[in-house]
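Lifted from TrEMBL, the feature list:
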{"type": "DOMAIN", "residues": "1-58", "note": "domain 'Terpene synthase N-terminal'"}
{"type": "DOMAIN", "residues": "118-230", "note": "domain 'Terpene synthase metal-binding'"}
Amino acid sequence: EDLKDILSLYEASHLAYEGEDILDKAKTHTTKYLKNILLEMDSSDNYEFMKELIRHSLEIPLHRRMVMLEARWYIESCKKKEGTNMTLLELAKLEFNIAQSVLQQDLKSVSWWWNNPGLAKELSFSRDRLVECFFVAVSLMYEPQFSSYRQGLRKVALFITTIDDIYDIYGTMSELELFTDAVERWDIDVVQSLPNYMKICFLALYNTINEMAYGFLRKHGYNIIPNLAKLEEIARGGTVNSISCYMNDNGVNEEQARQHIKVLIDGAWKKMNQELFFYHKGYNWFKCVHEIFSTINDQFSKDGSLHLS
C-alpha cells in the first residue's frame, strides 16, 4: 500500500504549475525511490504487476498519455494482476474492441480518400503521415460517435503536412507566391496559373474545405471557410533535431542535451497544466504529440492493429 501511495504521489507531481516547488521536490524524491525499488524487487509473480506499473509510469506518467493507448496497455496488464475481476476485464476488452473497430473503419475511409483520387501519388514528394494524422484525430476525439469530426481533422492534418512540404522542400519561390495568393483569394479561377502539382493540391484542398464548411454551415449556421482556408499559414518550423542543435550550440554530449530538452518539456507541461486544466481537448492534443515522439512505435502489433483478444 505504501508503494502505491508513493506511485500516486509521483503521478500527482506531474500536475504541478510553475512555481510549485513542493511538487517538484516530490517528483525528484519519488522518481529516485521508484527507480531504486525496481532494482530491489524480486522476480516473484506477486510483484510483476506493480513492477510493470512503475516502469510504465516512469517512462511516461499517466497524465501525459493518450486515453486509447493507455486503456489498451492497462487491460493487457490487468491479466497479470492478482484478484482481477475477469468479468469486468472482459467487459473492458469488449468496449475497447467496439471502439477500435470504428476507428479502423475511420482509418480505411481516410486512406481511401487520400489514395483513390491519386493525391498520394501526385504528391509523392510529401511525407507519408497518414497514420500520425490518424492518431492526432483519435487523441482529440476517440469516442466512436465522433467519427465525422475525426475524418475532418485527419484531412486537415494531411493537408497541413503536404502544404508544409511544398513550402519547405519542393516549391520554388515564384510557385509559392502563386500558391499563397491562390489560397488567400480562395478563387478557383486562379488555379490555371499554378504548376500541375499545385493545381492538384489546391483543388483537393479547395473541394475538401468547401465540403467540410458546407456540412458545418448546414449543422451549425456558421461559415468556417475563412478559418480553414488559412491552414497552410500555420507556423512551418524547421525539422532540425532540437537535440542536435543544442549539442552543436553548447558543445555538450547527447545525454546532456536530452536532459536539457527534458527540462524544457517539463516546463512546457507546467504551463499547459495551468492554462489548459479545464480544456481537456487541448490536453489531448499535447498528449498525442508526446506519445507519437515517445512510445507509439512500440504500441503496434505486426499488422498495425491494437485489437485485444
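Glycine residues also receive a Cβ, built from the backbone N, Cα and C atoms like all the rest.
Caution: TrEMBL annotation is automatic and unverified by curators.
Each residue in the domain 'Terpene synthase metal-binding' (118-230) gets a DSSP state, and the totals come to 90 helix, 0 strand, 23 coil.
Note on the domain 'Terpene synthase N-terminal' (1-58): DSSP counts are 46 helix, 0 strand, 12 coil.
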